[in-house]
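> Annotation comment: Swiss-Prot describes His151, Asp383 as active site, proton acceptor.
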Amino acid sequence: MEVKVLSSKLVKPAYNGGVAAAPDVEYIPLSIFDKVTYKMQMAIIYAFPPPAPSTAAIEKGLAAVLAQYRAFAGQLGESPDGEAAVVLNDRGARLVEAAVDADLVDMAPAKPTPELLRLHPDLEGELQEVVLLQLTRFRCGSLAVGFTSNHVVADGHATSNFLVAWGRATRGLPMGAPPVHHHAALFKPRPSPHVEHDHRNREYYLPAAGDDSHGHGDGGAADNIVIHKAHFTKDFIAGLRAAASEGRGRPFSRFETILAHLWRTMTRARGLSPDEASTIRLSVDGRHRLGAPAEYFGNLVLWAFPRATVGDLLTRPLKHAAQVIHDEVARVDGAYFRSFLDFALSGAGGDKEGLAPSAVLKDVLCPNAEVDSWLTFPFYELDFGTGSPTYFMPSYFPTEGMLFLVPSYLGDGSVDAFVPVFNHNLEAFKECCYSME
């Protein structure tokens, strides 16, 4: 796919339609949740059918929404007191215009491949912007929107709120409630800190001397990884849930059931020893658990770590894997989040012990896995005035074992799972992916 870049510019916030002066520079201190999350760029791809909205309309909407979401027009830096912060300096978001002399249906892959990276701005070198966008127009009139944002500034929940507001601003509609930012008094340890969980070995780890095993993208593993798209129909999911929940008063959730099935499927395809242990890392949103508003803009996520032996996963029924996931997620409740705050902010651990965040990127997760579930995020509500996107998916991210769960664009309750696997495990994965056994 040959992509021709036409222009690149910074889009700055437009206050009150561009007639009001910009406010003074402000600083949003990074919260402890921002500091322990992944230091990575989160990249997603949208596709809109013709007639696609004009670039001028999209840019105008972007300038308007950045006035409300200033963090996405700022930069990562330091506050005057030397603390890590998002600097609200209105530098702007990078907007790239590009074109492809071909029809989208002939060029766009149905699953993430290296070619998808051409639908994003170049991410090489030191990035100055928090948000980078590329609008790529195809010969047929379709539009691809490549969106990239710094994960340290906002998690998936916050980013999806921004995207919906961007669409509304482009259509001239109210953007909704403004974002609520972190401040020094928002997350604090309790007067009498009470650490109830082993945060040293969950959110943190103690690096060994000279430990460089937590790198990403420098080991050549990506050449042997393919991202497989598994489509689970509503009927298939219903069958899985019925099988997993048999004899249980309250059925397992759609997420618990699909993840349990994929955990077992990946484990079987990998051909692991029965005595080997497998752990899943999955995000748990803390907004409700800590009583934070839904509009909180930043990171407010910790992780659950379901763990089981390969033998148990493969010889015991689906119900077992679903129960392990359910119990571990339930454990990460409000008390768990408060225990983490006490540990991380009271001086009980963290930097003083030489600990580092365990949320680090790897090329290969085997025998473990990680899941990003976007099943409840309103990504499909991004509408620039010509309707919802025809599809939405994560961009190319070749980390073996990193799963993404996304609602299908069909809108019928089906789910798409994007599963990076080794080439030599792909056929084994396909063989058991749609089996109820």
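Here the Cβ of each residue, glycine as well, is placed from N, Cα and C on the backbone.
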> About how far apart, in whole Å, are the alpha carbons (Cα) of His151 (active site, proton acceptor) and Asp383 (active site, proton acceptor)?
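Just about 23 Å between their Cα atoms.
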> Suppose we draw a 10 Å sphere around the Cβ of Asp383 (active site, proton acceptor). How many other Cβ atoms does it contain, all chains included?
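Result for Asp383 (active site, proton acceptor): 18 neighbouring Cβ atoms inside 10 Å.
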> Take the Cβ of His151 (active site, proton acceptor) and count every other Cβ within 10 Å, whichever protein chain it belongs to.
18
